[in-house]
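Everything on this sheet refers to the single structure shown next.
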Amino acid sequence: MRRGRLIVVSGPSGAGKSTLIRAALDAVPQLAYSVSATTRAPRPGEVNGRDYIFLSREEFERWIREGRFLEWAEYSGNLYGTPAHRVEEYLESGLSVILEIELQGARKVRRKRPDAVMIFVRAPSLEETRRRLEGRATESEDAVQRRLATAVEEVAARDEFDCEVVNDDYERAREEMIEIMRRIVAGGDPC
């Protein structure tokens, strides 16, 4: 059996990464999703173990000390990390694994695993990113401003990625993401 491939999906908050990933997971059975751990509070409707593994800062720091993360980083005041053991299990079973992580984490994965396929997802403009973040109604204006400042840095780094999906039209972006994932699991050039 052929080993799966590691896929990193990154981009600014509000780009639509999660929605596009869910569409790809539904369409491509050879994919698995790596559930990240985080110290941030759950959003309405999020389920522990499905959307994230929600940990206290103390628990998360213990996992760091124990070497349980493939990568971890701090983003907007919260810690996020990829549990290593689950990723390895998926890859060994022949599934390609999607990691949805921020730029710092994506860079760490690229250093550790240069064979990882890196996909950058973004909204068509900073104004659209702002509109989407404000539409969530889950964050303060200060938090939105911090995420927008981070988005500028993230978009500036998009050339570090193998593929870019501009989520300006959901159906088009969805089809593009699914096609990229199909090429990855087939062992081909993704972009």
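Any Cβ shown, glycine's included, is placed from N, Cα and C.
Here Swiss-Prot flags Gly11, Pro12, Ser13, Gly14, Ala15, Gly16, Lys17, Ser18 as ATP binding site. There are 26 other CB atoms within 10 A of the CB of Pro12 (ATP binding site), with all protein chains counted.
On the 0 to 100 pLDDT scale, the model's mean across the domain 'Guanylate kinase-like' (4-182) is 93. Taken from Swiss-Prot, the feature domain 'Guanylate kinase-like' applies to 4-182, supported by sequence analysis.
Compared over the binding-site residues Gly11, Gly14, Gly16, the count of CB atoms lying within 10 A of a residue's CB peaks at Gly11. Around Ser13 (ATP binding site), the same-chain residues six or more apart in sequence whose CB sits under 8 Å from its CB are Ser76, Thr129, Leu133, Arg147, Thr150, Ala151, listed in sequence order.
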